[in-house]
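K.L.:
Look at Swiss-Prot and you will find SER39, PRO40, ALA41, GLY42, TYR43, GLY44, LYS45, THR46 tagged as ATP binding site, backed by sequence analysis. According to Swiss-Prot, the feature domain 'HTH luxR-type' maps to 829-894. Marked as DNA-binding region by Swiss-Prot: 853-872.
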Amino acid sequence: MLIPSKLSRPVRLEHTVVRERLLAKLSGANNYRLVLITSPAGYGKTTLISQWAAGKNDLGWFSLDEGDNQQERFASYLIAAIQQATGNHCAASEAMVQKRQYASLSSLFAQLFIELADWQRPLYLVIDDYHLINNPVIHDAMRFFLRHQPENMTLVVLSRNLPQLGIANLRVRDQLLEIGSQQLAFTHQEAKQFFDCRLTSPIEADDSSRLCDDVAGWATALQLIALSARQNNSSAQHSARRLAGINASHLSDYLVDEVLDNVDARTRNFLLKSSLLRSMNDALIVRVTGEENGQMQLEEIERQGLFLQRMDDSGEWFRYHPLFGSFLRQRCQWELAVELPEIHRAAAESWMAQGFPSEAIHHALAAGDAKMLRDILLNHAWGMFNHSELGLLEQSLSALPWSNLLENPRLILLQAWLMQSQHRYSEVNTLLARAEQEMSVEMDTAMHGDFNALRAQVAINDGDQDEAERLSMVALEELPLANYYSRIVATSVHGEVLHCKGKLTKSLAVMQQTEQMARRHDVWHYALWSIIQQSEILFAQGFLQAAWESQEKAFQLVREQHLEQLPMHEFLLRIRSQLLWAWARLDEAEACARQGMDVLSTYQPQQQLQCLALMVQCSLARGDLDNARSHLNRLENLLGNGHYHSDWVSNADKVRVIYWQMTGDKTAAANWLRQTPKPEFANNHFLQSQWRNIARAQILLGDFEPAEMVLEELNENARSLRLMSDLNRNLLLLNQLYWQAGRKSEAQKALLEALTLANRTGFINHFVIEGEAMAQQLRQLIQLNTLPELEQHRAQRILRDINQHHRHKFAHFDEGFVERLLNHPEVPELIRTSPLTQREWQVLGLIYSGYSNEQIAGELDVAATTIKTHIRNLYQKLGVAHRQDAVQHAQQLLKMMGYGV
C-alpha cells in the first residue's frame, strides 16, 4: 500500500504570503523540461510550489522520505503520482510497477513515455525533498527521465542541494528554470505582508525591513520571530536580534529556548513523540502519543504555527516541516531515550493496523525489537518478496538473530529465495544445509518440500539434471496442494529435466501442467517460462508452426500481464528470432534479436550473448561477412569474459564455425577443435548442436571419418528421441560431408531426406547457409525434374535465396567476367563470333542457377515475354535447343574459367 500523504500536494495554509514575483516567473514553467528549486531548509520551497500548483489538474506530487532510496518504492510512488496527474492514463506502467515486472527504472520510464506519447496537455510532476535521495541508480534513472520525457512534460524538483541530474546540459539548451535561495529570500515588501498576517500588533515598514535584512530574508527565521513574539509577548525586534546571522545548522539552541521551552509539558511531549512519524494521521497520533483525539491535537499544533504541514485536502494527513521535524527527532532521542523503543513499537503496531508493513518494519528496526520484526515478516514478508521489496527484506532478515530464523524455517526459506533471485546459487544450499543441521525441532514434511523445491531449482540452474530430477520428485511427494508456489517450481523443474534428457513428449505434458497451475495462481513468470519451454520442445520435435503458435500465446501473456521488461521476455524474442531465421525471414529475425538485446540493455553485457549470436547468424545467411565479423568480435570478447550454460556456448560456437567455413579459416577451426570439450551425451538440442559444431569443424579440416561417426551417432539419437529439427540439420551437414568426399549418391540421398523433412520443419536458411555446394546439388535435382511438388518449390526458393544473398553464379556473368571469358584462348568460336548481350549473359546465369522463366522475369523486373525472347536469342547464339543443354554449356564455361562446379 502507498501512503496517501506522500502523493498529496500540501494544502495552502492561511496567512501565507503569496509570492507573486516568483509565481510570475513560474508561469512559463511549461516551456522547460526541468524546474529546479534549490535552497537550504526553511526558505519556502514547498510553500511556493504548492501556491503555483493550486488549480492545476494535470499535476502529480511526490513527497520523498529516506525510505524512497529503495528503487521499487521510488518507482511505485513516482508512477502513482503520474497516474494521479493523468487520471490513470498509464495503466500498463502502473501494472508493471505493482507487479515489479520491469528490468530497471530506466526501462520502466521508457514504457511510461510510450504511454504518455498520446497525452496532449501540459503535464507536471513535482518531486519534493530530492536531497534525501542518495542512491546512484535512482540518480541515473532520473537523468534518463529528463533526457527522454515528452516535450509537454515538466519535472519540478525541490532540493536543499544541487541534485545529480546532469543539469548543465539543460542549462546550456535553455531547458532549465532555476530558482535559488537568493530569489526565495523574502523581500522587504513580502516580509511586511508576513508580519501583518502573523503579529497581533502592527509593525512599521522600516522595522519590518530591518528585521528582514537581519535574517537575510530567511522565511523560517521570520516565522520564528513571529512565533517567539506571540509566545513571549515580547517585541519582534528582540527575537530578531537573537536570530541575526543564524543559519539552519545553529538553530537547535534557539528552537529549544524559543519554541520547546515555551510550550507546556503536554505539548512538548506530543511534539517529541509524534516527530518519529514520517507522516501522521489521527490513529497514528493516538497510538504513539497516548493523546485522545489526535486530529484535534494536530490541528491545534498547526494553529500555533509549530511548523506542521497539512498534506491533503481532507486534512487527514500531516507532517512536520523537515527542518523542525529533524530537530524534534534529535531532541526526542536525547530527552526520551528510555521510552524510544516503546514509542517505535507503538508506531509499528499502528502502521500495521492501517496496512503499511513497510513503514512498520522501519519502526520495528528502530526499536530493535527482533520479535516484532519477526512477526511482521512472518505475516507480510512473502507479499513483499512477490512485490520485489528485496532491499528492505534483506535488511530486515539481516537484523534478525540466527536463532530467530532457526525457530521460523519459513524465514530461512525466504532468505534462500532472496539469494536465488540474486543468482547466489552456492549460498542457497549452504544456508539450507546449515539450517537443517542446526534446527532444534524437525521440520514438517511440507517445509521439507519447500526446501527441496528450491534446491531443485538451484540444481537445474547449475546444470545438475539428475539432482534436480531427484529433488523435484521428492518435493512433489512432500508438498500439499496448498503450497502451490513450491509445487509450481518443482513441476517446472521436473519438466525442464525431461526436456534436457530428450523425453520431449513427457516434458511437453509437464510444461502444459505447469502453465495451468501458474495461470490458476497468477504466478505469471512461471506461466511465461512454461510456454517458452513448450515452444522450444515443439521446435525440437520439428513442429515449427505449433512452436510459432505457442510463442504467440506467450507474447499475448507478456502484453496482458505487462511482462515486457522481464529478462524472460528476451528468451521469448530469441526463440522467435531463431524460428524466423529458419524460415528465412531475416529482417524480422534480426529485429527480434535487437529487441531481445534492448530488453537486456540494463543487465551485464554477457546476458546479450545469445541475441548477438543471432545477429551474426543473420549476417552469415545474407553472405555479409564483414558485418558478421564485426558482431563476432564482440561475441568472442563476451565469451572470454563470462561463464555460460552449454546451450549458450553451442549457439555462439555455431556461428563461429560457420564463419570459419565460409572464410576457409582452417587454423581457427583447428585451434577451437583442440580446446573444445566433447559433450558426454547428445540427447537434447543443445548437446546435438555442439556435436554438430565439432563435425562441421572436422569437415572443414578434411577429417571426414570422425565427422561421419559423429553425425551417424547424432542421427541415431535424433531419430530415437524424435529430435526432428536436429535430424534435419544433421542430414544437411552429412550431405556436405558426402559431397566434399566425392560420395555424390549418398550426398543426394541425405539431401532428399532433408528436403522431405523440411516440409515439416519449414527450414530454408539451414540449406542457404551451406552456400554454393548446396546450390549445385539443388540445380541438379531441379534439372532432373523428379522432385515432388513441395520439395521442388522449396529447392527453387532455397536457390533463389542463395543467389540473392551469396551472389553465386549470377555474379559470375557480370561485365568483368564476360570480358575475361571472351579474351580466354579456349572460348568457343561460336561465342566469339556471335557474342551474347549483357542481358542475355544475365539470363544464362539465372537459368544455370535454376530459375524458372517467371522467376527470371521477376529478378530482372521485365515481362515474361521479353525473357522468352532473350532465351530464344541466347539458345540460337549458343547453338543449343533445350534448357538442360544451356545449363551444361554454362557449366563448361565456368569450369574453363576455373570455377569449381
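Backbone N, Cα and C atoms are what each Cβ position is placed from, and that goes for glycine too.
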K.L.:
Other residues with Cβ within 8 Å of the Cβ centroid of SER39, PRO40, ALA41, GLY42, TYR43, GLY44, LYS45, THR46 at the ATP site?
P.N.:
ARG160, SER181, LEU184, ALA219, THR220, LEU323
K.L.:
DSSP secondary structure for LYS45 (ATP binding site), reduced to helix/strand/coil, please.
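P.N.:
Once the DSSP labels are grouped into three classes, LYS45 (ATP binding site) ends up as helix.
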K.L.:
Treating G and I as helix alongside H, and B as strand alongside E, what does DSSP give for the DNA-binding region (853-872) in helix, strand and coil?
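P.N.:
Per-class counts: 17 helix, 0 strand, 3 coil.
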K.L.:
I'd like the Cβ neighbour count for LYS45 (ATP binding site), meaning other Cβ atoms within 10 Å of its Cβ, all protein chains included.
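P.N.:
LYS45 (ATP binding site): 24 neighbouring Cβ atoms within 10 Å.
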K.L.:
Mean pLDDT, the domain 'HTH luxR-type' (829-894)?
P.N.:
85
K.L.:
Through the lens of DSSP with three states only, how would you label SER39 (ATP binding site)?
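P.N.:
The three-state answer is coil.
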K.L.:
Counting other Cβ atoms within 10 Å, pick out the least crowded of the binding-site residues PRO40, GLY42, GLY44.
P.N.:
PRO40
K.L.:
What is the total of other Cβ atoms whose distance to the Cβ of TYR43 (ATP binding site) is within 10 Å?
P.N.:
26
K.L.:
Counting only residues 6+ apart in the same chain, whose Cβ is under 8 Å from the Cβ of SER39 (ATP binding site)?
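P.N.:
Expected: LYS45, ARG160, GLY180, SER181, LEU184.
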K.L.:
Taking the Cβ of THR46 (ATP binding site) as the reference point, list residues of the same chain whose Cβ is under 8 angstroms away and which are at least six residues distant in sequence.
P.N.:
PRO10, ASP128, LEU158, GLN309
